[in-house]
């Protein structure tokens, strides 16, 4: 950078957990100093300097750390922030005359991170020795004084320390700024920090009952800042609190003491560069990020685990075995006597409903402990076979629809097994799809002959939309918008309240079916001759095309599933079930065992290791983790894995 220009300290974090590093993860923090300053003007590690203080070896810093020796080096000058500059050489001389190579920036940063962690554990003597031997310091001396004064509640001294720290502030959000903008940013950060300090001082005075002192802080210190007028009005209202408990409740504040002051320090630190004061619990944060990144990259991670570091080992990389993944047949349900067209787990995961060409719906009970299914009820009387099923939000009712030539819809009470409603508006209708409104009191239904109805639980027609040839339906969580795929190779959103509609998804080939993620953001489409496509409904963009599946013009239903809906499953005309990780276009598993087209798959929403598939071979297969035996001993079906992922 040109002389006189203003730069920023930009921290680039590199977190690596290497299997070759058996002791602990390697964490590197690189700090690139901006131009316009001495190259290492605010670096906290000084091999050959006295940790920024002119004290003799063994002298205690105000932060409890012991100063390191000067290692025989002489320091010729200081920069304007009071930190000793580094000698030109990259080597230093120890007290016994031996030369040692200067540590890299990464090594110095790691020492600081370790020192902070040890300090948080209360191992202060160990920290003193580490800093003394390494020639590093944990943080800038001004930051140490500031921290101690804040934690002790010495607000006047803390405000004085803040004036010293003002010269060390930088703007973390900007990259290139003019001198005037830089100055404005520094003033804003300084005033913000001062406001937070005075706010804490004011609240503590109020809690102690020192109303006059609190009022003086409000009038003479906070108000003249003119920083946050709205907040000052709120703070003034706390003067009316009758007791300390009322104050803490209204201010959503922990009260005077270590907890609130620690939180205050965490906020204040964000306005200081990490070379001056490390972010709180920085090592734990980096380790947590590394663990989470490994979990995200694990193709078979399908369990809900504790997000804390106590539940994992830092000595090994995170890996999940495919034996834990639902790609082994646990059970084959053979009670249907013809093609099985649809299957769907209930919202609470305790039941599975299957619909067949044999005109029956079978409701199965799921044993949560053993994950085995038993026949619960058989619902009969459907004249055309059952090609689609939808559970009500509370799982009390189940709606069954038929194929294209079916003009009837059946609404069953699942608990009693009684038919509550048999709906048919016209013999010319085609009611092939249905979706429940989130309130559980209404549903929408339609078909490819141009019918699109909204009805109540008794089948009474509430609203209708003319001329929409519906292929598949879905109600969004707002309770107003209904998504419908139609014969124009698109998905449109229909609002039954204000009678408006809009285009959301446009494909180049027929959309045979679609489903929507729990959060309503993503849609999974089975597209004729193309396969499975993932769309972002909010941004209205195609996110991913999944490979491997054979999709012609049969209606095949795919699904989201697994922990956090990280996985996608679909049936296929090649008799297989395909599973993808949501971020990967290539399948991570191909499940074999069915002998004809797999029409539908359903992933248990509560048990992430349980998957069901329905096929034209007349069976429903329940897939789960490998049994307690070696994979080579599993006969009859295999979990075929794409070697490109292993």
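Quick reminder: no glycine exception, Cβ is built from N, Cα and C everywhere.
Among the features that TrEMBL reports, signal peptide is placed at 1-23.
The region 'Disordered' annotation in TrEMBL covers 38-102.
According to TrEMBL, the compositional bias 'Polar residues' annotation covers 48-69.
Taken from TrEMBL, the feature compositional bias 'Low complexity' applies to 70-84.
Here TrEMBL flags 139-213 as domain 'CTLH'. Model confidence over the domain 'CTLH' (139-213) is summarised by a mean pLDDT of 82.
The feature repeat 'WD' is assigned by TrEMBL to 333-367 (among others). Through the fold, the repeat 'WD' (333-367) approaches residues 373-391, 393-395, 398, 400, 412, 414, 557, 596, 599-607, 610, 612-622 of its own chain, all at least 6 residues removed from its boundaries and within a Cβ separation under 8 Å.
If you look up TrEMBL, you'll see 379-410 (among others) marked as repeat 'WD'. Beyond its flanks by at least six residues, the repeat 'WD' (379-410) meets 338, 341-344, 346-348, 350-351, 353-363, 417, 419-436, 438-440, 443, 445, 447-448, 457, 459, 555 of its own chain at Cβ-Cβ distances under 8 Å.
If you look up TrEMBL, you'll see 591-623 (among others) marked as repeat 'WD'. Note on the repeat 'WD' (591-623): residues 302-304, 324-334, 336-345, 347-350, 352, 354, 356, 366, 368, 371, 373, 554-563, 567, 569-573, 575-579, 636-640 of its chain, located 6 or more positions outside it, place their CB under 8 angstroms from a CB of the stretch.
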